[in-house]
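**Q** Got a structure for you, questions after.
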Amino acid sequence: MHHQWLLLAACFWVIFMFMVASKFITLTFKDPDVYSAKQEFLFLTTMPEVRKLPEEKHIPEELKPTGKELPDSQLVQPLVYMERLELIRNVCRDDALKNLSHTPVSKFVLDRIFVCDKHKILFCQTPKVGNTQWKKVLIVLNGAFSSIEEIPENVVHDHEKNGLPRLSSFSDAEIQKRLKTYFKFFIVRDPFERLISAFKDKFVHNPRFEPWYRHEIAPGIIRKYRRNRTETRGIQFEDFVRYLGDPNHRWLDLQFGDHIIHWVTYVELCAPCEIMYSVIGHHETLEDDAPYILKEAGIDHLVSYPTIPPGITVYNRTKVEHYFLGISKRDIRRLYARFEGDFKLFGYQKPDFLLN
């Protein structure tokens, strides 16, 4: 009996010691698990939400950049140019704007496009948007002069001497081949600011010897559109606006011939809905656009765009307001109605500050 009690006591002692040891083990190793669990919970509740990236926007092959690969710092830049081309495509599809966005690829349009066969480039001329400088670039590329600085100003616009053939000078088959395979571009700026620049250049300052603007075109506009017949001043911007906004302006355009290129719409000049351009540059962002165009055309190692004077490309709303001051809302609205296609195709904001 005594031995049974001793055996029972021994078993009890072993069980007791086992319980103590288990408690010790639990106390010793529980904290790390609790900490780990707390950390895991903290991680799950405080980690920033990873937003699902939007699906990559499908860019048609013809809208993708065609030139060299850009460094990482500039990879975002081509998106701007692709968005410009996509905007044009969308506006071209808008039936409500069809009369303002479409034009036949006529000889008038082909005359505006200059060819650099050596580097497979087509440039559509849009006067009053820095075109003289782009012509100089192409003249050098064609080999007529070795540098931009060597080109005399009177040669730039003399198409018999500057070595720049017009697309219209080729056969139909050659025209189609170049339109399909060459790098094509042109430059735009705010449509109303461009008209102001054209008016100042041709009717106010007239830096080159072009007497026909003051002696033939201006009198023709005044006779037709000046309301006060007794007024003897030279052509005013108001006369110019009435002429451009007149739905029947074309009969005067025919009399003025190719001189109208300085103020007709970009649509009439370059047919952006009919010709698929590679890049559309904007005068307001020319500091970025010019190097990009040269790179995309594969000629950035051969020539540089001339230095751009500070501030010259900035949109000047004050100047626009000044020139349109005193002109009736009716005349301004008619002017906008004609150039609405240009505003929408190239993403320029509607000038409500003039229209309302």
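Every residue gets a Cβ built from N, Cα and C, even glycine.
Straight from Swiss-Prot, here's the annotation block:
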- 1-6: topological domain 'Cytoplasmic' (TOPO_DOM)
- 7-27: transmembrane segment (TRANSMEM)
- 28-356: topological domain 'Lumenal' (TOPO_DOM)
- Asn99: N-linked glycosylation site (CARBOHYD)
- 127-133, 189-197: 3'-phosphoadenylyl sulfate binding site (BINDING)
- Asn228: N-linked glycosylation site (CARBOHYD)
- Asn316: N-linked glycosylation site (CARBOHYD)
**Q** Count the Cβ atoms, other than its own, that fall within 10 Å of the Cβ of Pro127 (3'-phosphoadenylyl sulfate binding site), considering every protein chain shown.
**A** 20
**Q** Can you give me the Cα-Cα distance between Asn99 (N-linked glycosylation site) and Asp190 (3'-phosphoadenylyl sulfate binding site) in Å, rounded to a whole number?
**A** 20
**Q** Which one of these binding-site residues has the most other Cβ atoms within 10 Å of its own Cβ: Asp190, Ile196?
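**A** Per the Cβ count, the most surrounded site is Asp190.
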**Q** Count the Cβ atoms, other than its own, that fall within 10 Å of the Cβ of Phe192 (3'-phosphoadenylyl sulfate binding site), considering every protein chain shown.
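**A** Counting Cβ neighbours of Phe192 (3'-phosphoadenylyl sulfate binding site) within 10 Å gives 23.
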**Q** Phe192 (3'-phosphoadenylyl sulfate binding site) to Asn316 (N-linked glycosylation site): how many Å between their Cα atoms?
**A** 11
**Q** Roughly where does the topological domain 'Cytoplasmic' (1-6) sit in mean pLDDT, to the nearest integer?
**A** 50
**Q** Distance between Gln133 (3'-phosphoadenylyl sulfate binding site) and Asn316 (N-linked glycosylation site) at the Cα atoms, whole Å?
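**A** Roughly 21 Å, rounded to the nearest whole number.
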**Q** Fill in the CA-CA distance, Ile196 (3'-phosphoadenylyl sulfate binding site) to Asn316 (N-linked glycosylation site), as an integer in Å.
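**A** Cα of Ile196 (3'-phosphoadenylyl sulfate binding site) to Cα of Asn316 (N-linked glycosylation site) measures 11 Å after rounding.
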**Q** Given Arg194 (3'-phosphoadenylyl sulfate binding site) and Asn316 (N-linked glycosylation site), what distance in Å do their CA atoms have, once rounded to a whole number?
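**A** Between the Cα atoms of Arg194 (3'-phosphoadenylyl sulfate binding site) and Asn316 (N-linked glycosylation site), the distance comes to 11 Å.
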**Q** Have a look around Asn316 (N-linked glycosylation site) and count the other CB atoms within 10 A of its CB, chains all included.
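**A** Other Cβ atoms found within 10 Å: 12.
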**Q** I'm trying to understand the geometry here, so how far is the Cα atom of Val129 (3'-phosphoadenylyl sulfate binding site) from the Cα atom of Asn228 (N-linked glycosylation site), in Å to the nearest whole number?
**A** 33
**Q** Per residue, counting other C-beta atoms within 10 angstroms of the C-beta, which of the recorded positions Asn99, Asn131, Asn228 reaches the highest number?
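**A** Most Cβ neighbours within 10 Å: Asn131.
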